[in-house]
Each structure stands twice: as structure tokens, then as C-alpha cells.
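Student: I have a structure I would like to understand better, so I am pasting it below and will then ask my questions one at a time.
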Amino acid sequence: MVSRVIPVDTFDLVIFGGTGDLARRKILPGLFRRFAAGQMPEAAQVIGAARSDMDVTEYRSMIRDALKEFSDKAEQGDDVIDGFLEHIDYAQVDAQGDDGWDALREKLRDGVVRAFYFSVAPFLFGDIAERLKTRGLSDDQSRIVVEKPFGRDLETARSLNRTLATFFDEGQIYRIDHYLGKETVQNLMAVRFGNILFEPLWNSQFIDHVQITVAETVGVGGRGSYYDKSGAMRDMVQNHLMQLLCLIAMEPPARFEPDAVRDEKLKVIRALEPVAPNEVVRGQYEGAEGENYVDHAEDPRSTTESFVAMKVQVANWRWQGTPFYLRTGKKLRSRVSEIVVRFREPPHSIFGKDAGGRANELAIRLQPDEGMDLRVTIKEPGPGGMRLVDVPLDMTFAEALGPDAEEVPDAYERLIMDVIRGNQTLFMRGDEVEAAWAWTDPIIANWEEAKVRPAKYDSGTSGPEASLELLHRDGRRWRDIRT
Ligand code: NAD
């Protein structure tokens with residue numbers, strides 16, 4: 001496709017599902033942040049599109065409430081919110097019918113970027129894509145943003161890719177994974193590829209292993225019946241954990257450009273070895289009366305996992321012999337998302353084995369507070385000989401970068417602006433998503449065939465015993481889940 005360059009100093013953004021939970025909690029607060037920072041183009045237009053019968057005044061009032069509840073910028077006052085709401089419009093549209101599409105088209109302007117955010121259940125993606133195209137709402141410069149879940153296995157993901165490809169080019173499709181929009185994830189790439197210090201050590205000769213943890217304290221709560229059809233493997237591992245693994249394991253792309261980065265990530269996924277049944281642990285939480293996982297599932301005998309831990313091997317020259325341990329779960333002790341890169345011990349200690357000091361560790365934290373630190377060994381100050389201690393070297397550099405460093409954009413805000421600018425680097429390509437499913441499908445199939453029941457774990461812990469054992473038998477241990 002030959003791209004016409006169109007200015008991005010304004011845009012029309014349509015949010016299908018504009019009255020839904022995600023729009024109210026994340027998408028609109030993200031845009032509001034942009035506005036509050038004075039960075040929203042004056043003529044930008046955001047149109048909520050949903051099934052509910054309401055007018056623009058009612059919709060704006062709904063969004064005002066949402067901002068007050070979910071945006072840390074709402075404290076800037078009603079005037080700022082009022083200013084933002086002037087950019088907001090509403091259209092009642094039936095994704096599966098005829099109603100509302102002509103009126104929505106009338107609201108769109110020529111000569112500006114049009115982005116359509118599909119914040120609706122996935123079964124509606126095809127219907128919306130078709131109507132956008134056939135009813136003349138989209139042109140070859142328009143973009144669509146697609147939320148997770150992108151399929152529930154390889155077959156459904158392929159079918160969804162095919163459907164979207166009927167109406168849009170791959171260059172117009174933005175499959176969002178908000179983990180990739182986090183400041184620290186991008187900082188990880190800056191640290192890896194912007195310094196000479198790390199890349200020469202970034203291989204199995206110097207890295208002992210990598211841990212990727214995404215731990216939540218919440219349970220499935222009201223989402224129980226949805227979650228029960230999915231489970232931690234589909235809901236978290238296939239997308240978020242896999243993306244983080246790719247960024248750690250990929251070869252340096254030639255340029256920081258969409259296809260250069262995504263080609264390298266794809267190679268990592270294709271290099272993943274199948275996971276042996278004894279190298280993956282499924283768990284399901286138990287709690288007080290009425291607080292068990294199964295109390296919120298449709299089937300009280302549900303065997304869906306709310307926890308997964310696994311040992312993953314990237315079968316290529318760089319990573320042979322360096323395992324990646326992944327774990328994610330609900331109702332765990334703390335809410336922590338982090339990547340830990342554990343380097344090997346120095347080959348020989350000139351200070352003797354009792355002097356102290358441990359292997360270097362690079363910790364990349366995505367939640368709750370984003371940051372990066374490198375644990376290094378230094379001499380403990382003072383007299384008394386050579387005793388070694390480990391200290392974290394803070395690599396967030398908030399102080400060095402000044403007060404603006406605190407004002408990092410939120411993940412949704414950044415990703416939406418990338419859509420407007422036409423930058424797909426931080427979005428998943430169709431073949432990546434399919435490759436990830438191709439790798440996770442056999443693991444899930446094996447659970448189903450072998451009727452593997454999840455190990456129970458108590459709420460508020462770090463998961464089932466078997467997850468600890470997964471590392472113990474390799475002579476390693478998980479870093480404590482702590483905030
Ligand atoms: P929701 O149920 O709260 O909202 C659904 C929205 O879709 C509503 O605005 C509703 O009016 C609209 N809708 C439903 N049927 C429609 C139709 N026929 N025509 C037009 N509009 C219709 O859902 P949600 O939690 O906001 O999730 C939306 C999407 O985002 C889902 O794909 C979900 O998996 C994904 N997602 C949600 C979250 C989250 O935190 N809520 C996180 C990640 C991904």
C-alpha cells in the first residue's frame with residue numbers, strides 16, 4: 001500500500017464500547033492525561049460508540065464520573081475536565097445491525113487520521129470491521145485497534161486474522177498489549193541496545209536464568225464466568241508474559257522500527273522449545289468460605305487454572321542453557337510485575353567464599369511502581385577487612401532526569417498516540433500472535449487430555465508448592481514477591 005502522509009496534528013478516534021469498563025477505566029483516562037498535559041490537539045475528536053441509548057450530554061456526564069473515579073489527573077478540577085469533555089461526542093451504534101452507522105460516518109472528518117478502537121467483546125470485531133469498510137467509514141489511512149483476547153487458540157486467532165485482513169491491511173491493524181506501552185519496557189530496550197555494557201553479557205555465558213513474574217492480589221471476582229473459559233495460560237502467558245520474554249530474548253533489531261522489532265520477536269517465539277509436562281505447574285486458589293476460585297466459576301468443579309509457573313527454553317545459540325521461568329497468578333501475596341535477569345557468579349572470588357556478595361541481578365519492575373535496578377557488589381564501608389555487600393543501583397534516574405521524569409505517560413495514553421502517529425512498533429503483528437498460540441496450544445491440550453487438575457494454593461501466598469519446586473530442583477529460587 002502506498003501511504004499518503006497525513007498530518008497528525010488532529011484525529012478522529014472512535015471507541016466502540018465507549019460506555020464499557022475498559023473505556024471508562026483506561027482509555028478515556030489515558031486520553032484525559034494527554035489533554036491535561038496540554039498535548040491533545042485542539043481539533044481532536046473522540047467519539048464513544050456503544051449500544052446504549054443516550055445523548056452526548058449524558059455520555060459526557062458518564063465520562064466525567066469515570067474520570068473522577070479513575071484518573072489521577074481529575075484533581076486538576078472541573079474546568080480541565082470540561083475542556084476535555086468538549087472533545088467528546090457520542091454515537092449510538094449497533095455493531096451487528098444497521099442502526100447508527102450513517103450518523104457515525106457523518107461525524108467523521110475528511111483529511112484527518114481516523115482510528116477505531118474495538119473495546120468490545122471479540123465476537124464483534126468482524127462485524128465492526130466489515131461495517132467500517134462497507135459503509136464507507138474507513139479509508140486506506142484508517143487504523144483499527146484490537147483488544148485482547150486475540151482468539152482462544154491458534155485456530156480462532158487465524159480465523160480472526162483472516163477476517164480482519166478481508167477489510168484492513170496488516171499495516172492498519174494495531175493489536176494492543178498494554179504491557180508494551182509501559183515506560184519501563186521501553187527503558188529496557190534503551191538499556192539493552194543503547195549501552196555497550198549489557199549486550200556483550202546478554203547470553204547464556206553470563207546470564208544464569210531469567211524470571212518473569214506477573215502476580216495479582218485480586219481474584220476473578222465478577223469476571224469469574226468469563227475467566228473460567230480462559231485461565232491464566234490464555235489470559236496472561238500467551239500474550240503479556242510472552243511479549244516480555246521476547247523483549248528480553250530477542251536479537252538486536254537493525255533499527256527501532258515496527259517490522260525490524262517484530263521480526264526479532266517472532267524468531268524468539270518460533271525458537272521456544274515445547275514445554276515438558278513436568279516443567280509447567282497449574283494452580284487454583286482457595287480462600288475463606290465463598291472466596292475460593294470455584295465459588296466464582298460457573299462450574300463448582302472447574303479445573304481452570306488461576307496460576308501458571310513454567311520453565312521455558314529458547315532453543316538458539318544465545319540462550320542454550322539459560323532457562324526462562326515464568327509465573328503468573330491471581331490472589332497472590334502482592335501485586336508485582338517484574339522481570340529479573342540473574343547473571344552468573346564471578347568465575348572465581350579473590351576475596352574468599354565467606355566475604356559475601358552475590359551474583360549481579362537486573363530487576364525490571366512494571367508494577368506497582370515502574371523502575372529498574374541493578375544489584376552490584378561493593379565493599380562494605382568501614383574497617384575490618386574486605387567484606388562485600390550488594391546494593392541496588394537505581395537505573396530509573398528520576399533525580400538525574402528532573403521532575404519531568406515523574407510525568408511518564410500511562411501505557412494506554414502512549415499506545416493510543418502511537419496509533420495516531422502510525423507507529424506499530426509496540427503492537428503485535430498477526431504472525432506473532434499465531435506463533436504464540438501455536439506454542440501454548442499443545443500445553444493446554446496436554447492438560448485437557450491428561451485431565452491435569454490444578455494444584456490448590458492458599459490465597460495470599462506465592463502460589464502452589466510445586467512452583468517453588470520447579471526452581472529448587474534446578475538449585476534456584478524465585479525472587480520474593482514483594483512490593
Ligand atoms: P464491557 O462489557 O464493560 O463493555 C462492552 C461495551 O461494548 C459496552 O460499551 C457496550 O455498549 C458495547 N457493546 C456490546 N454489544 C454491542 C453491540 N452489539 N453494538 C455496539 N456496542 C456494543 O467490556 P470491557 O470490560 O470494557 O471490555 C471490552 C474489551 O476489552 C473486551 O474485548 C475485553 O476482553 C477487553 N479488555 C478489557 C479489559 C478490562 O480491564 N475491562 C482489559 C483488557 C482487555
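Glycine is treated like the rest: Cβ placed from N, Cα and C.
Nobody curates TrEMBL annotations by hand; they come from automatic prediction.
So TrEMBL has the following annotated:
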ACT_SITE  H240  active site, proton acceptor
BINDING   G17, G18, T19, G20, D21, L22, A23, R24, R51, K148  NADP(+) binding site
BINDING   H178, K182, E216, D235, K330  substrate binding site
DOMAIN    14-187  domain 'Glucose-6-phosphate dehydrogenase NAD-binding'
DOMAIN    189-479  domain 'Glucose-6-phosphate dehydrogenase C-terminal'
Student: Using a 10 Å radius around each Cβ and all protein chains in view, which of these binding-site residues has the most neighbours: R51, K182?
Tutor: K182
Student: Relative to ligand 1, which of the binding-site residues T19, D21, H178, D235, K330 have a Cβ found under 6 Å from one of its atoms?
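Tutor: What lies within reach of ligand 1, judged by Cβ under 6 Å, is T19, D21.
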Student: When you tally the Cβ atoms that lie within 10 Å of each candidate's Cβ, which of the binding-site residues (D21, D235) has the highest tally?
Tutor: D235
Student: Within 10 angstroms of the C-beta of H178 (substrate binding site), what count of other C-beta atoms is obtained when all protein chains are considered?
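Tutor: H178 (substrate binding site) is surrounded by 20 other Cβ atoms within 10 Å.
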Student: Could you check which of these recorded positions, H178, K182, E216, D235, H240, K330, sit within 10 Å of A23 (NADP(+) binding site), going Cα to Cα?
Tutor: none
Student: Give the helix, strand or coil assignment DSSP yields for A23 (NADP(+) binding site).
Tutor: helix
Student: Name the one residue among G17, T19, D21, R51 whose Cα is closest in three-dimensional space to that of D235 (substrate binding site); these are the binding-site residues.
Tutor: D21
Student: Over all pairs in G17, G18, T19, G20, D21, L22, A23, R24, R51, K148, the listed NADP(+) binding residues, work out the largest Cα-Cα distance in Å.
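Tutor: Largest pairwise Cα separation, rounded: 20 Å.
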Student: Given the binding-site residues A23, E216, K330, which one's Cβ is surrounded by the fewest other Cβ atoms within 10 Å?
Tutor: E216
Student: Given the recorded positions H178, H240, K330, find the one whose Cα is closest in space to the Cα of R51 (NADP(+) binding site).
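Tutor: Sorting the recorded positions by distance from R51 (NADP(+) binding site), the top entry is H178.
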